[in-house]
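A.B. asks: Let me give you the structure first, and then I'll get to my questions.
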Amino acid sequence: MPSTDAPIDLERLAGVLAETVREGGAIAARMFREGAERWTKSDNSPVTEADLAVDRFLAEHLPPLVDGSGWLSEETADTPERLTRRRVWVVDPIDGTRAFIEGRPEWVVSVALVEDGAPVAGVVFDACNDVTFEAFRGLGARRNGEPMVTPDPPLLEGARVGGPKSLLGPLESYGVSRGPWLYALANRLVKVASGGLDAAIARPNAHDWDIAAAHLILEEAGARLTNFDGAVPAYNRATTRHAGLVAAPPARHRALLAALHTERETLAALEPYR
């Protein structure tokens, strides 16, 4: 078996990863059309039999693509074993389960390969609209196979920002407007990468599986994802939770961070800043 310290052939991985994720998405899409049993997990979040079916499929097909890789998924019990691995698959079988349950075609399948705490491969598949976002470290980002570069206007005024009302309200005085609300955070973030949204903000407590794939897609398209203090998220740590997040192209990202810093006290009164 090849050494797990050997470099990953990302070009080879690019040839198979998106298709594997799309196959998983097709399972979810069929169950979305036909109906899927649902229930509530112990943390009071919803789950469906489609989440578990896609999780099983990806758990079978992804690890063999990279020797010695670990596993972290929203729908698989977490164990400390992954912390011993340099490379870990980070998976959300259905990001936006609430949208899935409500019949809203905005859920996505999100898959990232993380190496030494940073994503090196990422795919977000919007199965309902047959749109695949993918990125591989140093190879750029693509939307349905076409290169994707995020536009970078310098001003906040007129920007459509995706995020919760509680965070966006204090920013209205800067001329921003609230973009369409999407349950799936990964979908919100790739919309920034593709120019469908001008920026996005997320409240604290997003998990690795919500953001790792979209993070790389944003970076490879020329945009940024950081917390409110400008720090870049790291992955495959003991905790999978993250602080509040900002995604935007570089100039607008700097303007948003400045606005968030100015409004820090107001935001802190609304919900946890970190």
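Counting starts with 1 at the first residue shown.
Each Cβ is built from the backbone N, Cα and C atoms, and glycine gets one as well.
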A.B. asks: Need one residue: from Asp198, Asp210, the one TrEMBL lists with Glu74, Asp92, Ile94, Asp95 for Mg(2+).
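C.D. replies: Between Asp198, Asp210, TrEMBL records just one in the Mg(2+) site with Glu74, Asp92, Ile94, Asp95, namely Asp210.
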A.B. asks: Compute the centroid of the Cβ atoms of Glu74, Asp92, Ile94, Asp95, Asp210, then list the same-chain residues not in that set whose Cβ lies within 8 Å of it, in sequence order, for the Mg(2+) site.
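C.D. replies: The answer, listed by sequence position, is Val91, Pro93, Gly96, Thr97, Val108, Ser110, Ala184, Ala186, His207, Trp209.
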